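What Swiss-Prot records for M39, G186 is substrate binding site, and it gives sequence analysis as the kind of evidence. Look at Swiss-Prot and you will find R115, T159 tagged as ATP binding site, backed by sequence analysis.
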Amino acid sequence: MVKLNQLRKDNPLIICITNDVVKNFTANGLLALGASPAMATERQEMDEFLAHAGALLINIGSIEEGDKENMLQAAAFANKHHVPIVLDPVACGASKFRKDFCLRLLNEHHISIIRGNASELAALTDDATMKGTDADQSLSTESVARRAYDKFKTAIIATGAVDAICQDEQIMLVENGTPMLTKVTGGGCLLGAVVASFIYNETKPSLALLTEAIATYTIAAERAAHSANGTLPGHFAVNLIDQLYLIQQDDIAKESRVKEV
């Protein structure tokens, strides 16, 4: 686990096409971590942005019909410039509109990572439907990650009480985290952007690298929950930004609770 220091040194440009509700929170989180976010969406400038980018996040949280072509064009330019893409299929099990778009994106372009909760990933693999953006807590992140990897043959991050990461048919579980992440909007969306920041310039990131990304974020979240007034949602959100700024490489090795299965 050695990428955090390099990330802060390189300050990679991360293009975030993301949920309108979380743009400010996401940008501040990446700045605190050490990345350089750009919340660009205009297709006329996307080729120029992605020529210099380290990664692209596509988050469909507030997708509308007019957003589809922008996202597809951005994915095409990212593939052209060998820029890794993280797809966050927010609430893709809640409507055919969302699910069909995600499947089209996955079919037409190379996506390096799919990051979703268990319900979202189960919906993509035709195993479940969902209500809104909330995860079905009865679903196993490990089994959902395996099924999604088998279907899409790309790295999968299934988030929940225990986060499961699948790459090259290997699974790593990350047990860090806090329920407070479900009490503020954007907790999962920011995680997708953090993952994009860690995998800059890596179109096929290793299991170890993905594990470091998840551990960094979830340890910061644990620390935020234990900071002053961290059990209050408003304070927790601010604390999380602070802890992403404060966390150090050595903290990840000392505090991570991970296991391979």
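Don't overthink the numbers, they just go from 1 along the chain as shown.
Quick reminder: no glycine exception, Cβ is built from N, Cα and C everywhere.
Just so it is clear, the model here is predicted, and its values are computed rather than measured.
Locations of recorded Swiss-Prot features on the structure.
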| residue | record | contacts (Cβ under 8 Å, 6+ apart) |
| --- | --- | --- |
| M39 | substrate binding site | C16, I17, T18, K23, T26, A27 |
| R115 | ATP binding site | V86, L87, D88, I156, I157, T159, G188, L191, G192, V195 |
| G186 | substrate binding site | N19, V21, V22, F25, T26, A237 |
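Taken residue by residue with DSSP, R115 (ATP binding site) is part of a strand. T159 (ATP binding site) carries a strand DSSP state (E or B).
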